[in-house]
There are 2 protein chains.
Amino acid sequence: MSDTELRNDGRLEDEHQLDADDRLRPEFVDAVLDAVENGDTEEAHRLVEPLHPADIADLFELTPDERRAPLAAAVADLLDGDVFAEMNDYVREQLIDALDARQVADIASELDTDDAVAIIEDMDAEDQREVLRAMEPDDRAAIEEALSYPEESAGRLMQRELIAVPEHWTIGDTIDYLRGHEELTTDFWEVFVVDPAHKPVGTCALSWILRTPRSISMADVMQREQTLIPVDMDQEEVALRFQKYALISAAVVDGSGRLVGMITVDDVVHIIQEEAGEDALLLSGAGEGDINEPVVDSYKARVRWLIANLFTALLASFIISMFETTIERMVALATLMPIVAGVGGNAGTQTLAVTVRALATNQLTQSNTARAIGREIRVALLNGVTVAVVIGVGVSIVFGNPMLGGVIAAAMMTNILVAGLAGVLVPVTLDRFNADPAVASSVFVTMTTDSIGFLAFLGLATASGLVG
Amino acid sequence: MSDTELRNDGRLEDEHQLDADDRLRPEFVDAVLDAVENGDTEEAHRLVEPLHPADIADLFELTPDERRAPLAAAVADLLDGDVFAEMNDYVREQLIDALDARQVADIASELDTDDAVAIIEDMDAEDQREVLRAMEPDDRAAIEEALSYPEESAGRLMQRELIAVPEHWTIGDTIDYLRGHEELTTDFWEVFVVDPAHKPVGTCALSWILRTPRSISMADVMQREQTLIPVDMDQEEVALRFQKYALISAAVVDGSGRLVGMITVDDVVHIIQEEAGEDALLLSGAGEGDINEPVVDSYKARVRWLIANLFTALLASFIISMFETTIERMVALATLMPIVAGVGGNAGTQTLAVTVRALATNQLTQSNTARAIGREIRVALLNGVTVAVVIGVGVSIVFGNPMLGGVIAAAMMTNILVAGLAGVLVPVTLDRFNADPAVASSVFVTMTTDSIGFLAFLGLATASGLVG
């Protein structure tokens, strides 16, 4: 049975929209864009209408910049809040810019606070004011309050729509309340139990409410051990807390402990994915690394690190220049020296990636730092011996010069060991000083492995009397 | 208000267990280990007892290998299934090895199928058989069935415990069923509606059940558009699907479309985090990159890539050797050449990280590959011009040789452009051939930037007549 058939989804009868990996098929995207280009709005609408909001968002991301506005015009009535909430930030900004304040206000009003805030927070101050003016007073107040919290904090991430009930209610009271109030949210997985001061005293999963007789008190069913999120907590910490305690939703409290909002796991999943994925980008100095980012922004983010890398390369260059006489006497050294630096750099990057990951997931703490360093030294010794033997024997044979083989083997061994040490010490030190270990570690580690690589190899070649 | 006070958690009265980042404080870990070492089991037990299972798991991870068994003995009655389910694979394996089959069977019996499978799947075949023999027939059958699915598939990840009701039931029928059957799971967030052949026809979030009058039919409340997971789907695809459609739970179906299990988002969150985080590790060739992995396993994983890197470095080395005469005449070239290769390598890694990320999150598909390549070329041109000007002017002045400055600028420009192209083409090509783009890309890209760096610089130096 094919994957698409399995999707038991009335809206996905056309099995040619998605490939086996849930990506929109290029043929489908082309068909939609061709229809738009040919002015066949009806056909474009017919094709897009059955898509899930997340897939409509993807369609816009896959559409070239200049063709997004015509596409948006063709399927305007399908562009609801859910589509915008699922869309890449850059693509959304571009589309939002093309809409007037009234339209943005309508879209934002459909959404939970957190999604509305995500759309509005990126607009410039003037547009933001205009959109807020066009909204209902209630919605506006909620969004203005959210915007008063720092970016990437729990206050921005939470929704105000939640279910809170007093401790003295029974299960029956809670069910009657939920049945009797049309206006309540349907987007909740747990009910919060609060005291008269609106401070959370317990949490009750919906499955418990459904499995308990009506007469039982909420206080007897709720779980008193709950994980609360301070409203100013950074979203990365929120994500780690959700993950560690396997939370589905959590109450957000203000400075005085009062319940002010709720965060649900589906909002956190994106953050977990982003935060975990950004290590590779940060380590390479690629900034946000979003393929929808404007070219100039990518350039600005990346060139800084290339220039930093250039300056650290100058140090290596200076070290080589100290051995110019040695190289002149034996030019084979110039041929071989990048091997020592390169493999050392790779070994450093390996240790760095492991350490940064362990720090990000709270697996590496002060309690086991010494052990982690010892572990990396042992791995480096094994790697160093292996690579040193291979290159040492190879060079001895190819150049017919065992002394040269010995020198390169010793230099390689030294550099891989230094790489292992730098790969763990640099990020751990940055972390100790509350700097993001993924951000600048690479530059320091590469500088170290390049410099030590050239210094050890050329220095040993000189000191050993290899070069007459 | 401090973070710890906010945790409103009866079990966490001692505010000295966790630091602000939810990590166990080193002083606390030391206090527990000292108590164990001094034979004060009572004190160790008193300290560990209030911890959340996830924190007890962390405690074992933070404890040195040789001290884990005594700690386990001291707090044996606190080591329930939840603690093992939260524990790092390597640490768990080590502890499980120390237990007999009866004890492992007891622990596994407490857990949902997915967590029990996670504990049992890593044991060797003989131990596995022994544990399964010691289990109740029902539990054994469920686990044996799960083990029949491929590793890292939906079948391993799902739990069999779920709530499925027939379409003709009312909300009231469902609530009565849930209240009347003690033995049902409490760990569910949605109810699945199935037809007589046990094929899912709809899903109903618990909040809808609670908000709807008893007399209404399930068929009228359930959502018919549901995302089904084939039992043999790879866990990475499962994770992407959960993320894309913001799922809390999803039905797992077998080849004939029958409901066989359920996956909940809390099981997927770990996978999202692991899959997103592994890019940095794979790109560097660090394998699984787990700090709890035995040293020999880390060595085996990493040394392969170092040796691969060594062989690609030989190609660069060979290219340099073709220009030995040039270098002999102007040894400054040997000093400067690593700069061109190094900065080019960094530029390639940046593009590579961005591309691998975009492929992993399904943002880069066939529809926008050409655009992504065009984008990277433009970023590379901007980066290339900037870095080339800086190094060109610098070298012209320092060496008093504008010709040398021109040569290094042109070589740098070329290499950064090639780096951008290789950084996007290599992973896209690997992905097109269904290979993991994060795994081998780095080796190819580094080989390219090293080779082109030396070739362009030394070649231009020779061809331009710079060297007399």
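Just so you know, glycine gets a Cβ as well, placed from its N, Cα and C.
In TrEMBL, annotation is done automatically, which means it is predicted and not curated.
Among the features that TrEMBL reports, domain 'CBS' is placed at A:222-278. On the 0 to 100 pLDDT scale, the domain 'CBS' (A:222-278) averages 91 in this prediction.
The annotation transmembrane segment is assigned in TrEMBL to A:305-323 (among others).
What TrEMBL records for A:379-399 (among others) is transmembrane segment.
The annotation transmembrane segment is assigned in TrEMBL to A:405-426 (among others).
Sequence annotations record features per position, and here TrEMBL assigns transmembrane segment to A:438-461 (among others).
With a cut-off of 8 Å on Cβ pairs spaced 6 or more residues apart, the transmembrane segment (A:438-461) and the transmembrane segment (A:305-323) reach 3 or more such pairs and are scored as touching. Mapped onto DSSP helix, strand and coil, the domain 'CBS' (A:222-278) counts 24 helix, 15 strand, 18 coil. Listed as Cβ neighbours of the transmembrane segment (A:405-426) (distance under 8 Å, sequence separation of 6 or more from its ends, same chain) are residues 336, 339-341, 343-345, 347-352, 354-355, 372-373, 376-377, 379-381, 383-385, 387-389, 391-397, 399, 437, 441, 444-445, 448-449, 452-453, 456-457, 460-461, 464, 466. With a cut-off of 8 Å between Cβ atoms, the residues of this chain six or more beyond the transmembrane segment (A:379-399) that come close are 332, 336, 339, 343, 347, 351, 405-406, 408-410, 412-414, 416-417, 419-421.
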